[in-house]
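According to Swiss-Prot, the protein carries these features:
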BINDING   Asp21, His23, Asp62, His200  Fe cation 1 binding site
BINDING   His23, Asp62, Asn94, His95, His200  AMP binding site
BINDING   Asp62, Asn94, His160, His198  Fe cation 2 binding site
Amino acid sequence: MTITEPYSPNNQPITFAQITDSHLFSSVDGLHHGHNVLANLKKVLLSICDNPSIKYIIFTGDLTQDHTEQSYQNFVDCVLECHITVPIYYLAGNHDEPKLLDKYFSASPFQADKEINLSHWQVQLVDSKSATPAGYVGEQALVKLKDAIQKNKNQLLMMHHHPIDVGYFIDKHGLQNKDAFWQVINSYDNIKAIACGHVHGDMTLTNAITSPINEPVVLYTCPATSIQFDPTVDGVAALSKGPGYRLFSLYADGQLNTEVVML
């Protein structure tokens with residue numbers, strides 16, 4: 001899908017919000033490690049709604065915690081209750097069923113497109129869901145990515161699983177075919193950054209193995225709308241932090257700015 005809003009002459013950016021890992025239950029009162037995850041999602045969506053500079057939202061997966069269809073409906077209801085009108089693009093996380101996402105996200109403001117073309121940027125949503133909690137970008141998905149990349153545009157890739165280890169337990173559920181993935185990424189000099197969910201925390205990382213002719217590709221991870229993981233615990237444990245999301249601003253000259261919003 002092409003967003004037709006032009007860049008202004010004074011290089012004003014296109015800004016969007018990344019949200020991730022809502023981990024909803026069938027019950028609107030469902031708690032995930034002591035946190036009301038639906039209430040946290042609502043806080044995030046209301047914050048986004050209050051920011052008129054945000055032109056669209058990308059949800060990078062793990063909508064559900066209990067794998068019920070009602071949890072998907074609760075997400076949709078929350079979006080409508082918060083009066084979100086900007087397009088919402090989406091990816092499946094390891095907890096999600098892609099067919100259920102498509103079923104419940106079939107009407108506006110949800111958009112099923114996995115590619116957003118701007119005047120000077122291309123944002124691609126990369127499927128990393130596998131049959132296990134870990135991620136895998138299959139050969140077909142890698143070929144699709146290569147075929148879609150427009151060499152005259154700056155590239156930002158969005159995915160659920162992290163392609164760089166973060167140093168705590170979630171790494172055993174990270175991207176399993178990192179080498180094949182990075183072999184593709186490092187063959188392009190216009191991929192500026194990758195953004196992911198899954199790790200329940202915000203970090204800025206670079207791949208240790210990069211092409212000698214290219215600048216290192218930056219990985220931005222996103223805080224969850226549900227809970228933030230405690231990286232000192234070998235397993236799921238929640239920090240005493242609220243929900244969060246990440247903002248990206250894409251400029252016509254190729255500059256990318258990002259900031260994390262915690263609530």
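A Cβ is built for glycine as well, from the same backbone N, Cα and C atoms used for every other residue.
Nearest by CA distance to His198 (Fe cation 2 binding site), out of the binding-site residues Asp21, Asn94, His95, is Asp21. Residue pair Asp62 (Fe cation 1 binding site) / His95 (AMP binding site) shows a Cα separation of 5 Å.
The subset of binding-site residues (Asp21, His23, Asn94, His200) lying with their Cα within 10 Å of the Cα of His160 (Fe cation 2 binding site) consists of Asp21, Asn94, given in sequence order. Comparing the binding-site residues His23, His95, His160, His198, His200 on other C-beta atoms within 10 angstroms of each C-beta gives the minimum for His95. Other C-beta atoms found within 10 angstroms of the C-beta of Asn94 (AMP binding site) number 18, with every protein chain shown included. Remark: Asp21 (Fe cation 1 binding site) has Thr60, Gly61, Asp62, Gly93, Gly197, His198, His200, Cys222, Ala224, Thr225, Ser226 as non-local neighbours, by Cβ distance under 8 Å and separation of at least 6 in sequence. Each residue contributes its Cα atom, and for His23 (Fe cation 1 binding site) and His95 (AMP binding site) those atoms are 8 Å apart. Listed in chain order, the extra residues whose Cβ falls within 8 Å of the Cβ center of the Fe cation 1 site residues Asp21, His23, Asp62, His200 are Thr20, Ser22, Gly61, Gln65, Gly93, His95, Gly197, His198, Ala224, Thr225, Ser226, Ile227.
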